[in-house]
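To keep things clear, I will list the structure first and then write my remarks on it.
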Amino acid sequence: MDTFIQVVLTGFTIGSFYALVALGYTMVYGIVRLINFAHGDLVMVGAFFGWALLQLDWIEGMPMLPRLIVAGAGAVVGTSLLALVLLRTLYTRLIGRSTLGFMLVTLSVAFALEEIVKLIFGAQQKYYPPNDLSSETIDIGGVAVNGMDLVVIGLAGTLMVGMIWFAHRTITGTAMRALAVDHDAARLMGINVSFLIAAAFVIGASLAAITGILSGTYYGRVSFDMGFALGLKAFTAAVIGGIGNIGGAVLGGLTIGLLEAFVQGYLAGAWSDAVIFGALILVLYIRPSGILGERVAERA
């Protein structure tokens with residue numbers, strides 16, 4: 001029983017990472033109906049922004065929590081600015097004109113970001129400073145729970161709920177959902193389409209940066225190629241849940257995380273990717289639009 005609970009907890013932790021990244025894919029797709037294949041590498045960029053900031057002398061002397069908050073804020077700002085630069089210089093002219101062109105450009109950007117980070121920081125892994133929660137366990141019902149698991153699940157859960165609230169309870173979120181339904185009608189209603197597209201990219205980049213910081217803190221290390229596998233599985237999660245649907249991104253992320261944890265816990269880690277992508281094929285065969293895909297047109 002203890003093993004089962006540990007596996008479930010691990011699944012929710014891993015799934016939280018996937019869900020946060022899947023939310024980024026969903027935000028952009030919900031607005032422009034295009035897949036940003038560079039999104040996974042924004043997680044990597046955010047992680048390296050955070051690592052670089054943590055090396056600064058004036059930050060290094062702070063207690064660990066303030067250090068992470070400052071580094072996280074800096075990573076969010078830096079990654080969001082990068083996303084805006086990419087949007088303005090490369091993506092805008094392709095949105096609504098060339099789906100294939102957009103896909104190829106974002107793939108090229110993904111590879112370019114990896115190579116640039118490798119040139120600047122080197123190919124070796126970079127290590128985040130240790131924190132007390134990583135080595136501290138909390139007893140919950142007789143099960144020893146790592147403190148960082150609770151931090152990741154708690155923070156990710158807060159962000160997920162916040163995104164759902166934002167989409168349905170704010171003027172900007174409502175405008176985004178209207179834009180997702182019909183661009184032309186949204187323009188006629190006076191909605192600033194360019195602003196909302198930029199907002200979607202910034203929100204996605206911010207979530208990516210936070211995920212990068214969380215990943216570096218949780219695993220203790222980051223690498224220039226970390227974004228590819230994470231981004232691919234998060235994209236799979238978004239598709240399984242119903243890409244363009246915020247609830248679907250959360251559901252898909254947690255589903256993929258639990259699948260991976262159970263396969264690694266009870267079968268063998270080598271089978272996890274096969275099971276995950278097998279699940280993708282099965283879901284798309286049964287429901288081509290994803291589990292919650294029928295609501296894609298209504299929910300950005």
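Glycine is treated like the rest: Cβ placed from N, Cα and C.
Note that this is a predicted model, so its numbers are computed, not measured.
What TrEMBL lists as transmembrane segment is 6-25 (among others).
Residues or ranges marked as transmembrane segment in TrEMBL: 37-56 (among others).
Marked as transmembrane segment by TrEMBL: 68-87 (among others).
Summarising the annotation, TrEMBL assigns transmembrane segment to 99-123 (among others).
Sequence annotations record features per position, and here TrEMBL assigns transmembrane segment to 143-167 (among others).
According to TrEMBL, the feature transmembrane segment maps to 188-214 (among others).
Residues or ranges marked as transmembrane segment by TrEMBL: 234-259 (among others).
Tertiary neighbourhood of the transmembrane segment (266-286): same-chain residues 7, 233, 236, 239-240, 255-256, 259-260, selected by CB-CB distance under 8 Å and a gap of 6+ residues from either end. The transmembrane segment annotation in TrEMBL covers 266-286 (among others).
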| Considering only Cβ pairs under 8 Å, which range in 6-25, 37-56, 99-123, 143-167, 234-259 makes the most contacts with the transmembrane segment (188-214)? | 37-56
| Recorded stretch that, among 37-56, 99-123, 143-167, 234-259, has the most CB pairs under 8 Å to the transmembrane segment (6-25) | 234-259
| query | Taking the transmembrane segment (143-167) as reference, which of 37-56, 68-87, 99-123, 234-259 has the most Cβ pairs under 8 angstroms? | reply | 234-259
| field | Long-range Cβ neighbours of the transmembrane segment (99-123) (under 8 Å; 6 or more residues past either end) | value | 34-42, 44-45, 48, 51-52, 86, 90-91, 224-225, 227-228, 231
